[in-house]
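**Student:** I'd like to ask you about the structure that follows.
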Amino acid sequence: YGIIKLILTPEFRTCAPWCPPNSECVNATACRCKPGFASSSVEVFTNFLDTCHDINECLLPRKVSCGYFADCHNVQGSYYCTCSPGFELRSGAKKFTNASENTCQDINECLLPRKESCGYFADCHNVQGSYYCTCFPGFELLSGAKNFTNERRWRSDGGEHWSWLQWEPTPFSMSPDMDECSSGQHKCHRSTTCTNTWGSYLCQCRPGWEPIPGSINGFYNKFCKVMPFFTWPLPPGVHSQRLSHFFEKVNNLHRDLKSAMAKDTIQGIMQEVDELLETPGDLETLPPSQKHCVATHLLTGLESALRNLSRGLPEGIATFNYSAGTQLSVEVQKRRDGNVTLSLNQAKMQLNWNLAQESAHKGPSVVGLVSTPGMAKLLAEAPLVLEPEKKVAPRGTHKDFLPRVSPVLLSDVVSAFLSSNNTQNLSSPVTFTFSHPLVTPTQRHKVLCVSWDHSQNGSHWTTAGCMTVKTGGGSTTCHCTHLSSFAVLMAHYHVQDNDPVLDFITCLGLGVSLLCLVLATLTFLLCRAIQNTSTSLHLQLSLCLLLAHLLFLTAIDRTQPKVLCAVTAGALHYLYLASFTWMLLEGLFLFLTARNLTVLSSSSRNRLMRRLMFPVGYGVPAAIVAVSAAARPHLYGTPARCWLRPEQGFMWGFLGPVCAISSVNMVFFLMTLCIVKSKLSSINRDVSTLQNTRVLTFKAMAHLFILGCTWCLGVLQVGSLAPVMAYLFTIVNSLQGVFIFLVYCLLSQQVQEQYRTCLKRIRKWTTESESYTLSSKAVSDTSRPSTVGSLPAPRAHVPWYWQDFLLLSTDHASPASWTPPSCLPVH
């Protein structure tokens with residue numbers, strides 16, 4: 001028993017008896033396929049179910065190169081190369097094994113001993129890889145063709161098919177059609193394929209080849225060349241070993257394209273792209289901008305390469321699938337009507353076939369759709385640029401332009417291409433249907449159809465040219481008017497919720513300001529005693545702010561019709577610029593007033609201001625608005641409100657002058673404070689030690705609001721202080737009209753006197769009216785006591801520019817009893 005067990009133990013056997021055909025044993029338990037064969041699993045296998053099959057060395061990815069003018073032939077366990085028809089090896093041998101042994105040269109069929117017979121009255125002409133025949137001068141073919149390939153083309157059973165000019169013999173008989181293509185009697189060049197016809201045959205370019213320009217292009221002597229391969233170099237400025245290795249493999253496919261079919265080359269390119277996107281290697285460590293550059297280079301290069309190579313495919317639909325999810329579907333047709341639909345696992349494209357046939361390229365039309373899911377690794381942080389219509393915040397949020405939109409890629413990235421390169425403005429839209437994870441759009445999340453834009457301003461996703469038709473149930477349908485690379489994004493809107501408190505403060509503040517501006521305007525218009533250069537400035541500022549606030553409250557949200565909205569935006573632009581221009585003139589006049597406190601006469605200053613204020617106050621803003629409207633009239637009016645659009649820096653037509661004026665007025669204000677402080681400390685001690693410090697301080701601070709200096713708070717709305725600054729900005733600037741009325745009317749002693757005089761007249765008129773009503777029936781006109789009102793004692797008039805800084809408190813003596821300093825005149 002022990003001896004039998006040792007004999008039956010596998011370790012004591014010399015070779016495994018179960019090795020399949022075309023294999024050899026390695027040991028008692030394992031086998032290996034013979035050279036030229038491969039197993040379905042591993043090189044050395046132990047499973048008796050494995051088999052060894054022949055390796056086709058003439059197909060990718062193991063394709064061997066036989067060199068130029070040679071064809072590869074596969075046999076069981078090996079292969080061999082032969083020269084193409086019309087060529088032969090210099091040694092005279094028939095076969096060789098690799099490109100280094102290739103010495104194929106053209107066979108001159110017109111020379112002995114291989115001289116081809118062209119028949120009577122014809123000459124033989126040799127060309128690269130073939131030859132052709134032509135009739136002698138004075139003879140022609142009955143078919144009208146200029147060239148033919150052998151005697152059989154013009155003789156059939158003795159029937160002559162040539163003719164002498166002006167004389168044509170009748171053929172004796174005609175034999176049945178002979179298939180020259182299947183019998184091997186054709187003379188088509190190896191770059192063409194033979195197609196049999198009745199009594200003849202045609203030579204057509206092989207797939208992936210095209211006619212040679214300038215060559216004799218007859219029915220039987222057509223010569224073709226390989227279609228040019230798209231040049232696909234490395235993207236500039238990107239350093240990546242993984243990407244360099246990818247382009248090296250692609251260039252190898254290019255060099256071998258001379259003897260390869262278009263289908264094999266497409267498979268090779270798609271395989272390399274699939275492997276690159278599955279294992280990007282050091283591409284993932286690149287900065288986002290370079291990742292986007294690589295993605296653009298891959299998408300555009302792949303599209304161009306597939307467009308050129310697909311022309312060499314046979315007619316019909318071809319689909320290619322790869323392990324990492326990369327897919328390609330392409331249809332090649334000469335002529336057809338109706339729609340064409342290409343479907344992939346996660347995307348589908350439908351278009352009218354006329355779009356593919358609009359190309360000026362001769363030959364079959366091509367429609368292709370390629371899906372690259374791995375491209376999402378390179379486009380994960382790509383920005384999204386929305387169209388203006390899509391920048392409007394959803395309902396329930398602050399009605400303004402959206403500062404940020406964060407995109408999330410939902411679908412695979414697909415690229416579509418046609419025979420033509422010009423696919424930017426299509427005559428009819430293309431329909432795309434994407435499958436993606438189930439999502440539910442909300443007010444802050446929208447599903448958008450986008451395309452990849454690689455303009456000079458940088459690569460980004462854009463919604464231009466694509467419209468989202470419907471979304472739901474894990475799919476989204478899009479209509480696009482151009483072809484590029486497309487995807488479906490989930491856009492997350494970062495918007496600020498509508499703050500009802502801010503809205504209430506704005507409406508209340510502007511409403512109170514309107515009332516105060518109306519009272520101030522009436523005061524400056526009707527009180528003639530106070531009218532001068534200063535009140536003229538106050539009046540123009542009040543009028544501009546009154547009209548601007550009124551238009552803002554009543555028409556800022558009336559966006560329809562668009563033309564009226566644009567006009568409203570232009571009017572608001574002008575009124576607010578005019579308001580700030582008058583604020584600038586107020587600041588300048590205040591500074592000049594403080595600087596000229598010791599000057600006895602201010603007539604020169606007043607004359608200067610009168611000449612400048614109206615041309616500057618209304619002319620400068622008119623010029624700015626006119627230039628803006630002439631340059632970009634379409635940027636007036638937004639979908640959310642009647643104001644300026646932020647695109648192309650158009651908002652700076654308002655923000656630029658506002659920031660400049662606020663800064664200049666702040667300088668004027670600080671310089672005025674310094675001058676006034678210096679002057680007050682140098683005059684009468686009683687004046688410099690007045691107990692009205694709080695009033696002076698309040699009025700000085702109020703000038704900050706009146707001169708528009710507080711608009712700088714809008715620039716400070718960043719970070720954690722943004723909500724606080726938003727409230728301060730809204731409160732202070734909505735009450736600007738209140739400060740104008742308070743400072744220039746209620747706290748002005750001249751205006752106060754006019755108010756008192758007006759009130760006394762009203763009270764006196766009321767009293768006299770009541771007295772007349774009560775006594776008119778009892779007392780006659782002649783007995784009515786006459787009263788003579790005494791005129792008030794003349795008061796010492798204080799210069800108005802002093803009153804802007806030297807307001808006396810109620811505890812101090814009245815202006816009538818106050819004596820101005822001796823160095824200043826009393827008017």
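Backbone N, Cα and C define each Cβ position, glycine as well.
Below, the features straight out of TrEMBL:
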DOMAIN    54-93  domain 'EGF-like'
DOMAIN    106-145  domain 'EGF-like'
DOMAIN    177-215  domain 'EGF-like'
DOMAIN    318-496  domain 'GAIN-B'
DOMAIN    502-748  domain 'G-protein coupled receptors family 2 profile 2'
TRANSMEM  508-527  transmembrane segment
TRANSMEM  539-556  transmembrane segment
TRANSMEM  571-592  transmembrane segment
TRANSMEM  612-631  transmembrane segment
TRANSMEM  651-676  transmembrane segment
TRANSMEM  696-718  transmembrane segment
TRANSMEM  724-747  transmembrane segment
**Student:** Go through the chain and flag residues at least 6 beyond the ends of the transmembrane segment (571-592) whose CB is under 8 A from any CB in it; none is fine as an answer.
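**Tutor:** Non-local partners: 533-534, 537-538, 540-541, 544-545, 547-548, 551-552, 556, 605, 609, 612-613, 616-618, 620-622, 624-625, 628, 636, 642-644, 653-654, 657-658, 661-662, 664-665, 668-669, 671-672, 675, 703, 706-708, 804.
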**Student:** Within the domain 'GAIN-B' (318-496), what mean pLDDT does the predicted structure show?
**Tutor:** 80
**Student:** Under 8 Å between C-beta atoms and at least six residues away from its ends: which parts of the chain pack against the transmembrane segment (651-676)?
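**Tutor:** Tertiary neighbours of the transmembrane segment (651-676) are 573, 576-577, 580-581, 583-584, 586-588, 590-591, 593-595, 597, 621, 624-625, 627-628, 644-645, 700, 703-704, 707-709, 711-712, 715, 805.
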**Student:** With DSSP helix as H/G/I and strand as E/B, how many residues of the domain 'EGF-like' (54-93) fall in helix, strand and coil?
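**Tutor:** So the counts come to 0 helix, 16 strand, 24 coil.
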**Student:** Counting only residues 6+ away from its ends, which parts of the chain sit with a Cβ under 8 Å from the transmembrane segment (508-527)?
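**Tutor:** Sequence-distant neighbours of the transmembrane segment (508-527): 535-536, 538-539, 542-543, 545-546, 549-550, 552-553, 730-731, 734-738, 740-742, 744-745, 751, 754.
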